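Notes follow the structure.
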């Protein structure tokens, strides 16, 4: 293992080992200008087509609104699952720089294909009149080109976003600087998404889809150029083989030594770095204690040079602790799935709601339906900056201690549940207006209710995101083993991706079992869906509290054992 593992085991109050000169020649804050510029361009391009995907499918490809929302959820899920694949490739083979560069190029190809679907009439069906009961479906060729363009653009966006987060954090040395970087990483993502979800979406809706997608192409091209221009400044991480191999070795070695009795003496266990064991011996506590057998030294495990002779039968205690840390974080990570599932459902259905509401701002301007999601982004960006610069420092001054990452995530849970309750009440108001005006049986009818009614729930979602997204990313980055840093930052993306697929399955299940979600949402009962999400979110919050308390207790136990010595 490299020295990055050693730094993981050194307590915060102990001076970290000196960083080699080779590491300090590059990196630093100057690289963040290139990374921020790249991230801004990638997000401008990605959200330029992604934010308006539902409207594009409905208006240009004659897809029903709920079906379009389902397709959008699958695309979001794909975009948020791909970072894990990108992280594995970065950690194991290519490094973060090459993965980000290749992904940006792939997304460039995707935007070219999207331009073709918008420009060439042969690649999309004839338009469908509003209120018509019959619309021509796309041909197989049109579907193939459409899905190929979306898949390619999604793969590029998914592979670059969180890889840039890892690359950016690797340029900094101080943990506090890295935590601040993650806050501003999400601010940059949201700020860029705001611009694309308003300016580019407006161009797509009011001028031309082809022009909007061309702007996405230009933003992606500039982002790639900026990223490559900063190559000589980056501190690039060197891939060290699959990071999962070391974790798997611990499991295999523990199973093979299942009959070996555990010892209470530190010298009976193999330490990768002698100086690390003196500073902070890894404990053999009761949590997953059987894994410590993987580090028990037995005859023939070590060669004459003091190195491991049989790597699949002996591991270091540092590797054991790495696996233990990952296992401990899994329950907290899993609670994030249903934290984000309601947001995924809300984000897509809110666009469908906006399409059926009065979106006029004055007599001449009409707000694009897809731009409604920008409210979440504005809210999240504003509150991320507010929390980072005012709320969190003020809290620390008043209480004498910072708001912990787990506390930030927990507050996010509560706020998201509150947003779903607001959504249910607003939808009840919308359905009442529909009933009063007898619009239930009219597909595409505009409800005489201002779209501003959707704003409060979206603002509250943004506040919740400002709490839990940076908190989760920083938690995984700091707690995961150093060899899994790229995967650590992608863990949030993974949970978002799973949440979008869960939301798709949940909506489809409710469609099959109830009549709440018909093709015409004006005759449905979306409010019942939101109340289900409120109940499920409350239960999920209680699950998170249990997981967070257990994780906190385990860390306290680890610190106590580290100060008192090696003890079973």
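Residue 1 is the first one shown; counting continues down the chain.
Every residue, even glycine, has its Cβ placed from backbone N, Cα and C.
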TrEMBL annotation of transmembrane segment - which of the ranges 135-157, 158-180, 181-203 it falls on: 181-203
The transmembrane segment (181-203) vs the transmembrane segment (29-58): 3 or more CB pairs under 8 Å: yes
Contact between the transmembrane segment (326-345) and the transmembrane segment (96-116) (at least 3 Cβ pairs under 8 Å, separation 6+): no
Cβ contacts the transmembrane segment (365-387)/the transmembrane segment (530-551), at least three under 8 Å, sequence gap 6 or more: no
Tertiary contacts of the transmembrane segment (446-467) (same chain, 6+ residues out, Cβ under 8 Å): 186, 343, 346, 350, 353-354, 356-359, 367, 372-373, 375-384, 386-387, 408-409, 411-416, 418-420, 422-423, 426, 429-430, 433-434, 437, 439, 522
Stretch in 29-58, 70-90, 96-116, 209-230 most in contact with the transmembrane segment (487-510), if contact is a CB pair under 8 A: 70-90
